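Asker: So Swiss-Prot lists these for the protein:
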DISULFID  C244-C246  disulfide bond
DISULFID  C277-C280  disulfide bond
Amino acid sequence: MGNSTDSIITDYLVRVIARDGSIRALACVTTGLVGELCRRHGTWPTASAALGRAVTGGALMGALLKTGQRVALRFEGNGPLKNILVEADANGAVRGCVGNPEANPLREDGKLDVAAAIGQAGLLTVTKDLGLKEPYTGTVLLYTSEIAEDLAYYLTDSEQVPSAVGLGVFVEPDGAVAAAGGFLIQSLPPHNDEAVDRLMERIGAMPPVTELLRQGKSPEGLLEYLFEGIPYDTLEKRALAFVCSCSRERIERVLISLGRDDLASLLAEQGETEVTCEFCREHYHFGRDDLERLLAGISAM
């Protein structure tokens, strides 16, 4: 069983559809799981905002999948953050990490500059494990490096589904994550241009997502705000949580995959090793007896 948090109690996602079937939308609050991830990774404020936006986007995209399917997002730019990697599944489990947790560029007004942290030049790669022989992979250039717009651009350009995404993370001066969440809206055939125009007007006029979340807006509240005047039905409410699938057994398999010669060299030169999971920062220590046991297992194959 991987590492997880009690954010399952407070973090959740709601999925709705317009009554005429032309628009689907999801909204979520992720304050607990984002706070836990940032604490584990020791992220500075701008890195926290970037990681929080990305894992929230991952949770929203994971909710579009079927049971057993997974999605991975990789943002890679030329900024000091280096990269963000997020994995999410259809059951509400999400995890993520950043290349440089201490990246902390600020704008001239003192606000967190996520785009500068990621860098203006780079790629967003989306990999979906749909249970087929090969995973589906799509790649687009970063659009604004603000994450929400990049995901909307990917969905619209690569998957050919007109989409709007809003993401927000509010980080307190002391580095604590006070609010995190977002929404994803997609236009479906038969497209209702009037309803889409109304939604885009609402999105254009709405305050920042972080402001609405700090006012106490729930996922239901975000959707009510966006869908004003558009009848819709709620399809699902699901819990979201930070869950890491790492385990000592998995790390053992990684060490075994090094092969007999490399594992023997590790045993002879160091006598022990420690492996840290990049997603949850859990440490796994393997002493001499552990390495000898793994080496004996390889020899017996």
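The backbone N, Cα and C atoms fix where each Cβ goes, glycine too.
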Asker: Rounded to the nearest angstrom, how far is the Cα of C246 (disulfide bond) from the Cα of C280 (disulfide bond)?
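Answerer: It is 8 Å, counting Cα to Cα.
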Asker: Suppose we draw a 10 Å sphere around the Cβ of C244 (disulfide bond). How many other Cβ atoms does it contain, all chains included?
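Answerer: There are 24 such Cβ atoms around C244 (disulfide bond).
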Asker: If you run the three-state DSSP split on C280 (disulfide bond), which class comes out?
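Answerer: Note: C280 (disulfide bond) is coil by DSSP, not helix or strand.
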Asker: Whole-number answer please: how many Å between the C-alpha atoms of C277 (disulfide bond) and C244 (disulfide bond)?
Answerer: 9
Asker: If you draw a 10 Å sphere around the Cβ of C280 (disulfide bond), how many other Cβ atoms fall inside it, taking every protein chain shown into account?
Answerer: 23
